[in-house]
């Protein structure tokens with residue numbers, strides 16, 4: 001049989017690569033370790049960021065208005081708002097709407113004072129936007145419908161040392177001083193807890209000494225991705241409509257920053273793995289110079305030598321990716337059971353928010369194997385250009 005035939009030489013690169021991987025245990029361990037650590041840390045880190053972003057997304061979807069419609073330019077109130085509500089409700093994709101009248105107020109009790117926002121609305125309507133009833137610590141949110149009853153956040157209650165049934169005074173320049181009764185205390189895990197007191201529309205209107213007017217229509221959508229287009233449509237009617245991204249830029253920044261840091265961190269981990277494999281492959285070229293010369297003297301072609309190194313780097317990448325995936329999954333399993341208590345969005349999270357995306361793992365494995373092959377390109381090219389005569393002489 002011709003020793004140069006493709007049938008004989010096709011399995012040669014993989015066979016020799018396997019032998020190198022098995023025999024060179026220290027170098028194999030270091031290469032696999034670099035890749036495995038990069039993959040496992042990337043999986044854990046991306047799962048943690050995914051979990052944090054999901055908390056923010058759930059907060060936006062469930063406990064914030066997706067579009068807020070405010071008065072026309074130069075106006076303080078929306079008059080004859082029922083026609084506007086009818087027009088909004090006719091749009092597809094709406095979950096709920098709430099007409100509200102918000103006004104700044106200074107809330108006080110004894111020697112304690114706090115600046116806040118007095119938000120007047122039908123409690124049944126506004127609860128569909130902010131989910132206050134499900135975030136109650138004490139009291140009944142529906143009772144806000146009664147005149148001069150108020151629902152306040154737990155932080156606001158702590159600041160004013162208020163408990164259920166206590167009285168507080170709402171004042172503000174050019175407004176009527178109003179005594180309010182604490183009918184409910186809520187904890188949403190949002191800035192509402194420290195800034196807002198919910199009252200009925202009539203209570204807010206009496207405080208402002210206004211008639212049948214509002215200054216906002218708050219809208220919740222089935223799909224928050226439609227918020228920008230709906231805000232644009234309503235703005236074309238002459239009103240000042242803003243999407244949740246415009247109203248809450250800090251949340252949007254947090255989501256975007258989380259994604260940026262995830263990509264940057266994974267990139268850095270992959271770079272570490274890349275140089276780890278590249279350095280090992282370069283070292284192998286130096287160590288195996290005589291062996292390369294012998295193979296070439298026996299008839300191995302240039303591309304066979306190159307393929308040996310590419311095959312070995314691919315094997316190291318595959319083994320490291322597999323080990324890293326298992327290590328990452330084990331890390332997520334462990335961290336997901338570590339006690340961790342924090343309030344977010346009105347609920348208490350008892351473990352780290354980890355969300356595993358199988359596509360992330362698949363993509364990481366593909367990328368790391370591809371990078372392992374790329375890392376071997378220069379060493380493979382260098383090895384394939386070795387002069388067999390010089391190599392056999394030990395040069």
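Backbone N, Cα and C define each Cβ position, glycine as well.
All TrEMBL annotations are machine predictions without curation.
According to TrEMBL, the domain 'MacB-like periplasmic core' annotation covers 28-223. Per TrEMBL, transmembrane segment is recorded for 29-49, 260-286, 307-335, 355-378. Per TrEMBL, the feature domain 'ABC3 transporter permease C-terminal' maps to 265-388.
Per-residue pLDDT, averaged along the domain 'ABC3 transporter permease C-terminal' (265-388), amounts to 76 for this model. Only residues 6 or more beyond the boundaries of the transmembrane segment (260-286), in the same chain, are considered here, and those with a CB under 8 A from a CB of the stretch are 20, 24, 27, 30-31, 33-35, 37-39, 41-42, 45-46, 49, 292, 309, 312-313, 316-317, 320, 364, 367-368, 371-372, 374-376, 378-380, 382-383.
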